[in-house]
Ligand SMILES: Nc1ncnc2c1ncn2[C@@H]1O[C@H](COP(=O)(O)OP(=O)(O)OP(=O)(O)O)[C@@H](O)[C@H]1O
Ligand SMILES: [Mg+2]
């Protein structure tokens, strides 16, 4: 699905990522690391929001390094950004509709997808005419996830999906992720490592712009470094 | 959740009440003003509304560009001036009426706007705002100087019978053709509102205006949308250029007051508020014609937009401080 080799990139002259080798197959993959490690930067590079300096990014064998964000989105990569990036002055329903309207393989199936998303997040159905900008932070997070799902993604990327969500909803989001796992590839970054380890197959640990560890979920759970730094035991 | 939700609802209700109250007050003042003007100075009301239509029809496309592409286009009125000259040339050469040229003029100026966007404005979108202002200001100067070189500073006018039609009611006599501007302004406002809230392309444009990053994430080509919205706005102004020619004389500098007035109307209405531009235009049209109706204040009419914009910005910042 997604294959990154020798990726180096950053902002202006500041290098953030170096020597990144990274892969997401038909599975769900976690990306962990402290604040400022470069998780969001890695995702931005995949989404074409920043250009790679070196190395290659491939999506199903097609090189996408340097492609425009909207092209990558149309190829089937959906992002739930850390900052949500909704359309605040538009209704919940319009936000969801726009999630699919410009994706070739999703735009003809909007009513169906809408029903599925409403089933997953009933609150969005209840608030379908409310402006996205007037929803609470957690509701906006759900809307951002719903908007991404509308596009029938092949690869779903979630940047800190549980940020600002109450624990019961976090559990629900991870339930959703688990239920999706069989049909789409998932890449998720999380501070909530314990919860996410239950939902993923494999994970990477990113520190100071380099990948320092890569293992299966089981392996990470018992890895002394992970246990000490991320599970806080 | 219960109590806080209820408090939230109460707040919304209070805000809604306040808005309703304000709307009622504005409505009452408008009616009172209209009644006073009908009895005291009916021509101020008539010509004020006609001027308002002209101002609004030119300003609405500028508001569209500011709301979605987020640039202040200081060559806005000059695009209209170019369209007027192009229409004049074609109408003279072919002997046709500018009304027939209306749609072709809109299409050609839209295309021209698209080219100008791709060649210049697109490249300045990521630059600091000051650079964008300098760029569009430069375009304005270039446009009027080119016209000055080709056509000289002489004025041109078509004499058309229908544009001097007048209506007599009692001992009141006034021109009616300029009401066409009111119709166009309303069509523009309603049409754009429908486009932006009801069509897929319009919603995408609105989304780009509200959050370009979010729009790219859902697969919308942001720069293409900017180009299309800019071209659409310039096309609407182009149609106004042809229409303007039916009524007024043209000269190289004819567009620049429209740029300034459009800008102040858009600023008065607030970004993204197309119906507000209609209201602000009525205020400006009436104020100008009111001043023009007294010998002592006649010369002040042309700068009243400046006073209005200062008043609105001051009152807005005072209100901002209070809340
Ligand atoms: N737009 C930007 N311009 C310049 N530097 C940036 C920008 N965005 C991020 N950085 C820097 O890049 C580094 C990595 O940031 P990034 O946002 O990728 O971290 P992160 O792992 O996502 O952190 P967090 O857990 O806090 O979200 C940080 O040092 C940050 O200051
Ligand atoms: Mg981050």
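Keep in mind that glycine also has a Cβ here, set from the backbone N, Cα and C atoms.
In TrEMBL, annotation is done automatically, which means it is predicted and not curated.
Within the set B:24-40, B:75-91, the record from TrEMBL flags B:24-40 under the feature transmembrane segment. For the transmembrane segment (B:101-121), the list of distant contacts is 69, 71, 73, 79, 82-83, 86-87, 90-91, 132, 135-136, 139, 226-228, 230-239, 241-243: same-chain residues at least six beyond its ends, Cβ to Cβ under 8 Å.
The listed stretches are B:24-40, B:52-72, B:133-154, B:265-287; of these, B:52-72 has the most Cβ pairs under 8 Å to the transmembrane segment (B:174-196). Between the transmembrane segment (B:226-245) and the stretches B:24-40, B:52-72, B:133-154, B:265-287, it is B:52-72 that has the most C-beta pairs under 8 angstroms.
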